[in-house]
Amino acid sequence: MASEEQLYAIKGSKVLMVGAGGIGCELLKTLALSGFQDIHIIDMDTIEVSNLNRQFLFRQSHVGQSKAKVARDAVLKFRPHIKITPYHANVKDPDFNVDFFKQFNVVLNGLDNLDARRHVNRLCLAADVPLVESGTTGFLGQVTVHVKGKTECYECQPKPAPKSYPVCTITSTPSKFVHCIVWAKDLLFAKLFGDKNQANDLNVRSSDAAGSSEPADNVFERKTDEKIEQYGRRIFDHVFGYNIEVALSNEETWKNRNRPKPLYSRDVLSDELTQPNGDVEKGKTDDPASISAMTSLGLKNPQEIWSLKENSKVFLEALKLFFVKREKDIGNLSFDKDDQLAVEFVTAAANIRAASFGIPLHSLFEAKGIAGNIVHAVATTNAIIAGLIVIEAIKVLQWDASSYRMTYCLEHPSRKMLLMPVEPFEPNKSCYVCSETPLSLEINTHRSKLRDFVEKIVKAKLGMNLPLIMHGSALLYEAGDDLDEDMVANYAANLEKVLFELPSPVKSGTILTVEDLQQELICNINIKHREEFDEEKEPDGMLLSGWTQAIRPEKENANSVGNGESASDASQAVAVELEEGNEMVEVPAEIPAAKKRKLSDISVTRSSVTRIAETNSNKIVEELDEDDDDIVMLDDDGFSEIGKKRKSQ
């Protein structure tokens with residue numbers, strides 16, 4: 001039962017919720033039932049069928065409608081007298097600026113991606129509004145509190161970039177099925193059905209064009225009057241046959257590797273073109289969601305691993321259906337895990353390539369999980385986390401800083417504990433977001449263009465949306481809708497210049513100032529010229545540093561963990577980590593139940609990679625988000641422990 005002080009704080013508050021998905025539905029319900037009177041919700045998504053198993057405010061009839069608006073209507077049915085304001089929009093839209101955030105007493109996040117989380121974190125810092133972050137995946141969950149100047153911000157600990165692979169591994173020497181998925185999704189699918197003008201590493205001449213002056217791009221163009229079946233086989237022979245033969249011609253590459261086998265359609269399938277043998281009538285529909293190569297071919301079980309012949313048939317049939325049933329979409333498509341035909345095509349293409357390189361084949365169910373980064377969500381975890389968010393929000397509204405907790409929800413009890421509270425950490429003095437610490441960038445200033453710096457560092461690593469880049473008083477680049485044509489042309493020209501050839505040359509010792517006016521964030525970057533980079537370890541061709549973990553000072557007794565526990569006791573730990581790069585907390589196997597749990601009772605480490613170590617699993621899970629199916633399963637290659645951090649006083 002809430003006290004009078006708590007009820008007063010609740011009823012007088014104005015709350016912003018960002019995200020109305022798995023956590024958001026539970027959170028809105030809990031806020032309404034807890035007495036909150038003025039709630040604002042931002043969510044850009046519409047309701048999908050796959051949401052209905054856990055986002056309980058939505059029904060089948062709501063599919064296609066705004067999540068924020070439907071959630072509002074659903075809650076007002078049982079709490080009609082409260083005020084709920086929905087926004088069907090992107091939280092990164094210019095309307096949601098610092099002034100917009102200043103009107104709220106607290107911001108509650110239920111997001112599903114790192115980019116949006118970082119953006120909200122920065123706006124909350126600029127507006128000096130407390131933020132309660134959250135995330136779930138499966139049975140795991142966490143809630144963290146971020147108050148400017150008192151606790152660390154969301155970005156005080158570096159968030160790892162999504163897993164990337166060197167282009168040469170993807171295009172020439174795949175050794176894992178995930179390499180084949182990336183090739184099929186990001187190269188082949190994009191080449192056939194995406195933007196035709198986009199650069200692509202599949203542009204190898206076919207044997208027919210080897211002696212001609214025609215550009216390699218023509219290999220993927222369908223010729224006039226060419227039957228779709230013939231076009232499909234020509235693409236098949238080019239990417240799975242001829243391109244493999246070209247790769248085999250480099251003997252040095254295969255000295256210590258297994259040689260792949262070129263595959264041609266005539267060897268896998270009979271000379272007779274593939275004929276559908278399933279329910280073809282089902283393909284005769286204007287609804288893209290119901291167009292399926294599996295249905296056309298009579299394949300029913302998505303968990304069954306198809307043979308090479310079946311994969312080849314699915315590949316050709318899916319390609320045919322794209323051109324026959326969805327021709328208007330070609331040229332504008334990007335891979336979507338909810339696009340059945342796209343998933344079928346990518347699965348078949350990845351399996352055929354895997355067969356060529358001697359990699360085990362996977363079912364459509366498994367391939368979809370890898371390609372779409374899928375993990376199944378648990379509604380109960382969302383409900384638990386939503387309740388914890390509200391508890392922390394009430395503390396924040398009362399400015400009860402001594403009671404703030406970061407709380408982790410575990411899958412398996414550790415000494416009868418499923419919820420592990422930890423006192424928040426103080427701000428990281430080396431954080432470039434909340435402490436404005438300068439960063440360092442190693443880059444080849446004679447080869448890298450300003451565009452590389454903007455795309456790979458400013459946007460991808462620093463998460464800025466509308467950056468402004470200055471060298472001293474010289475403005476090198478600015479993004480925005482209010483620029484005149486001459487400025488746009490000037491900045492576009494600068495983007496294509498190497499750093500050293502800019503109007504104000506960038507070289508070793510240069511300090512670049514990067515600013516995002518929307519986020520009210522300024523960052524200084526010290527440039528250091530470097531000639532060479534390891535393509536395997538540094539695929540971006542540049543290295544950003546200076547953004548480090550905070551180090552906890554050594555205590556007098558280095559072996560003591562706290563409350564009489566020994567370091568050996570604390571080493572028996574359960575490691576938990578959630579979201580796209582939040583903390584990994586090692587929970588001691590035993591904490592004295594009679595004593596108040598404090599940070600000193602718990603051994604806390606930071607990992608430089610985003611992972612969950614599960615007790616009975618040999619796999620590592622990367623890239624964990626809210627609950628909307630964002631996960632990649634990769635091989636276990638260990639943890640990287642870095643330093644320890646002081647608790648906030």
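Cβ from N, Cα, C; glycine included.
According to TrEMBL:
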type	residues	note
ACT_SITE	CYS168	active site, glycyl thioester intermediate
BINDING	19-24, ASP43, 51-54, LYS67, 112-117	ATP binding site
BINDING	CYS153, CYS156, CYS431, CYS434	Zn(2+) binding site
DOMAIN	3-431	domain 'THIF-type NAD/FAD binding fold'
DOMAIN	313-368	domain 'Ubiquitin-activating enzyme SCCH'
DOMAIN	441-533	domain 'Ubiquitin/SUMO-activating enzyme ubiquitin-like'
CYS153, CYS156, CYS431, CYS434 excluded, remaining Cβ within 8 Å of their centroid (Zn(2+)): LEU125, GLU152, TYR154, GLU155, PRO427, ASN428, VAL433, SER435
Neighbour-count leader, CB within 10 A, recorded positions: CYS156, CYS168: CYS156
DSSP helix/strand/coil residue counts for the domain 'Ubiquitin/SUMO-activating enzyme ubiquitin-like' (441-533): 24 helix, 30 strand, 39 coil
C-beta crowding around ASN53 (ATP binding site), within 10 angstroms: 11
Among CYS153, CYS431, which are binding-site residues, the residue with the most C-beta atoms within 10 angstroms of its C-beta: CYS153
DSSP-derived helix, strand and coil totals, residue by residue, for the domain 'Ubiquitin-activating enzyme SCCH' (313-368): 38 helix, 0 strand, 18 coil
Euclidean distance between Cα atoms of ASP43 (ATP binding site) and CYS168 (active site, glycyl thioester intermediate), Å: 39
Least Cβ-crowded entry, counting other Cβ within 10 Å, from the binding-site residues listed as GLY19, GLY22: GLY22
CB within-chain contacts under 8 A for CYS434 (Zn(2+) binding site), separation at least 6: LEU125, LYS148, GLU152, CYS153, GLU155, CYS156, PRO427, ASN428
Inter-residue C-alpha distance, CYS431 (Zn(2+) binding site) and ASP115 (ATP binding site) (nearest angstrom): 17
Candidates ASP43, ASP112, ASP115: member of the binding-site residues with the richest Cβ shell (10 Å): ASP43
